[in-house]
Amino acid sequence: VHIRWDKPKQKMGQGGSSENAQPANTNTIGIPVKLNVYTPRQQQPQQRTAGTNTVSQVPSSGMGAYHSGVVIGGREYTFGGGGGGGSGVVDHVPGKAYGQANGNWQFYQAVDLGKTRLNQKQIQAALSELRMMFPAKSYDLLAKNCNHFSELFCLKLGVTFPNWVNRMAKMGAMMQGKGDFVAQEKAKIQQAEARRREKEAKMKELKTRQGQLKPEADANAKGVILIQVNCPGGKKARRRFVETDTIGDVMEFVYAYDSMVARKGFELVQTMPRKVFSNNRMTLAAAGLKGRANLFVKKKM
């Protein structure tokens, strides 16, 4: 199923309360996102604003049984169960709830969630991932329902899902000892983001260190030595030095190119013939290095 980037034929109302959408994403650039919320036909909704499909408040108890779908690009995406194989993620015309043809659901309100900064390709990728994560047979009324899908889709879009929509199911799942599917996925996303930020911080630190290195020796300089250093993480770093440079200069270079190497606790080693260069003040000439050298960085024993 592909997103069709047309304007919805049916204009949705916007509703909510202070708890409702928890301030909408106010990006001025991006693709608008809404959440269509439905109630069962037998459940009496709040008083509607005359002549609109909008309600102004969440039920005072903060509880209710709801169906929801995420509206983006002129289509509404939701999740439903079934006995067959394949994904339970479906899309349809906004405002026509999944199962509404059988009289199961009635429109309750549309919550404006702001705009996503994702582009069309990224949204398609998110939907493809969600289709695999939500096979029809995995549907569970309390632990993995349409609202869990909506919440996770909103998370990927970078907009805030109103908590009241799925509160009843989450409380029921907790009472039955079932895990919170969205919470588990959020934890995975947060862990991945933490790793990304850590890597980004390390790269930034390495760039700072590289900026502090003295200039690389010219290829035609007198006594130039091309050194390749094999780092602990598998990285191979190459740089030109001159005979008057020191072992410490080489270690500073390695320190600036591999985040696994610390200033203390590491040393340079040559394997053929085997030599250990522990004295950082020793010049490369005194260390017997010339022309080309292949060295390894090892932790000190």
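Just so you know, glycine gets a Cβ as well, placed from its N, Cα and C.
Quick look at what TrEMBL lists:
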- 182-209: coiled coil (COILED)
- 17-27: compositional bias 'Polar residues' (COMPBIAS)
- 50-60: compositional bias 'Polar residues' (COMPBIAS)
- 31-176: domain 'PPPDE' (DOMAIN)
- 220-297: domain 'UBX' (DOMAIN)
- 1-27: region 'Disordered' (REGION)
- 41-61: region 'Disordered' (REGION)
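Secondary structure of the domain 'UBX' (220-297), assigned with DSSP and counted as helix (H, G, I), strand (E, B) and coil, comes to 9 helix, 33 strand, 36 coil. In the predicted structure, the domain 'UBX' (220-297) carries a mean pLDDT of 90.
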